[in-house]
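These notes concern the structure reproduced below.
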Amino acid sequence: MSSFQAPEEEELQIENKYLKEKKIGEGTYAKVYRGTERATGRTVAIKKIKLVQTEIGSQGIELSAVREVKCLRELRHPNVIELIDIYSHKSNLKLVLEYLDSDLEMIIKDKSILFQAPDIKSWMLMTLRGLDHCHRNWILHRDMKPNNLLVGKDGQLKIADFGLARDYGDPHAKNMSPQVVTRWYRAPELFFMPSQYGYAVDIWSVGCIFAELLLRTPYLAGESDLAQLELIFKALGTPTEEDWPGFSELARDMKFQKYSRTPLQVHFKAAGSDAIDLLEKMLTYDPNKRINTREALLHSYFRKLPRPTPPDQLPKQQKIQENAIQQNSKPSIQNRGELTEHRNKRKAQEISNKSEKKIHRS
Amino acid sequence: MKELFTETSQYRNWFYSKEKLQEIREKNHVSAVERVKQRVLEEAELQKLVSAKSTPTRGEQPERVNSPRLNPSEIEYLKMEDELALCNYYQTQIPLVDSKFPEEIQKNKFTDKVKASAITYVKRFYLRNTMMDYHPRDIMITCLFLAAKTEFSFVPIEDFIKFLTTKATKEVFFDLELIVARSLRYEFTVHHPYLSAYGLFLDMQTALKDAKKIQAIYEKSKEYIHKSLFTDTMFLYQPSQIALATVRIAAKELNFDLNSYFRIKFNSEPKGKLDNLYKILDEIEKIIKEYEPTPLNKAKEIDARLHKCKNPEKNPNSAISRKRKLEREGLEDADHHKKKRIEDEYQKSLEEVFK
């Protein structure tokens, strides 16, 4: 049994299982490579964690990496990215992850793709199932957005990027950083600098993703934190003490214009009444009243027709599968062109992501 | 629905029967002694070679890592029991180490959870490693540093070096951090009995009347949970079972009859299951009550012996680790070329984007 194997030997074996091939991206705290599992030929993503110099000098294993590893080691679900292996090489930590070549943001932005109500329902279902698994395991994701919902060739959606995630459920948890979640998907309570909050922040983000799928454009795209809050109030009405008990206390030093609430149906004309109802429950101001993953999964939206599209029949991006090239080894000229195009898109994406990503703590 | 605990890494990889735990420790110990013995012999050979070849000048000569008077064949290696006793001693130092930090850090950073995780990490580490490779003092500090990170209570390494009188540099701790993380299989999540005990506390308040007594029981039970951390209970029982056992001990001690509570909670359960639960609670109670910390003089005595049987390979000044370093550098050269090629290709693909 593996229990008797020395840790170094075990790790050397893990390292030798994979072949690192090509660099496919670079983020704030990691470089990502495409690789292959030698024994099976399976394509994997190898995320090499950089040793980041913080303002107080190096602090060993990067904190985001610690968070990501801690969470992913506990999670096993078809809608959560699989952390296949981990090894360290000299002083670098390497995470071997499932390789998925698309994400929901790319799909939403690709105007050549048409999608319909059953497709949206399918993506929502997979997102909520994955998130429910996280919450059931006391894990808050804290960065839910279309860009972090990866989509595989088989159409399965998987929640990824747990660099901001943390475990929750400790009633005495304190000092939780409010500087989490990409702004457009950030729940209103987070703008009031709370030291504690809960699973509801992820639900708000999912509500924004739901709206984005319906509109095919980001729903609440604020340009600054203050503008974001203003935008939320404009869209959903400035909350009253009744909507959100405690709101007037939170907002006591701030002046907000009083916007009245426009029914969501006005803005989301094409959506059915069940979809609107679920969306409304996800975008509820009071975090305590906001729907949770369990209730959302039981919502009539998922029970009534149309049925969600089976994952393998979901619309996909028309692009060359990089794997196919590998197998054929001689790509046609045409294929090559498409590949570059795909790469360019990805690149543009990464650049835009990078500029958005902030430095987060605790 | 599956029981949640069975989905945790704690259950999958760090949960054993008593026999299995014993077996793991024995095998780990036998292979460790075997390996260290080999290295000691190899070091002795290399030392002989070096001193035969060169006229020794100060500084160039490898340090004699083991006492020169000791013949390699006469070295007495630590026994499994020695390692366990010393391991226990250093675990009990974690709450004491904590007290050397400023109060603000003690209170806000080194929570019960952080300390409990650090203790668990030390224990798990030595299931797969030996003190003859890694001294428990450094491992203990590394585990506390890592646990503060994994429990979202980060304390900079400079603080550890400042407040604990340690000769080790931060680079030493960073290296050890990776070694510890690897030995833990990067499974940082640990479920402790504290949260279960808190749940029981809330539940008892709704089920029973005597709120003041229940508060007292809860406080007392936490003391027993602290104590349980130094025993093997975490490898053998579920956190909720340990919590229940400590609450039961606390109640007994405060002359509070928990039977009515047990009746409310468990009477609908089948008898066999209930008998099994009571058996488990008795076992946990016995382990906690029989626990004795390793006294300082015994720890000192073992530590003195440990210094004579350390693995020379882990000493950077030994002949054997100098040899290993040269071997590694050869491999790294080849590795470097491969890395450069991958990076070049990536940069080229980046340029293409802007063409």
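For all residues, glycine too, the Cβ spot is worked out from N, Cα and C.
Marked as domain 'Protein kinase' by TrEMBL: A:18-302.
Residues annotated as ATP binding site in TrEMBL: A:I24, A:G25, A:E26, A:G27, A:T28, A:Y29, A:A30, A:K31, A:V32, A:K47, A:K48. For A:K48 (ATP binding site), the count of additional Cβ atoms within 10 Å of its Cβ stands at 17 [all protein chains shown].
Residues annotated as region 'Disordered' in TrEMBL: A:304-362.
The compositional bias 'Polar residues' feature in TrEMBL is assigned to A:315-337.
Remark: A:V32 (ATP binding site) has A:K23, A:I24, A:G25, A:E26, A:A45, A:I46, A:K47, A:K48 as non-local neighbours, by Cβ distance under 8 Å and separation of at least 6 in sequence.
According to its DSSP assignment, A:E26 (ATP binding site) is in a strand. Packing around A:T28 (ATP binding site) is summarised by its Cβ count: 15 other Cβ atoms lie within 10 angstroms of its Cβ, all protein chains included. By the criterion of other Cβ atoms within 10 Å of the residue's own Cβ, the least surrounded of the binding-site residues A:I24, A:E26, A:A30 is A:E26.
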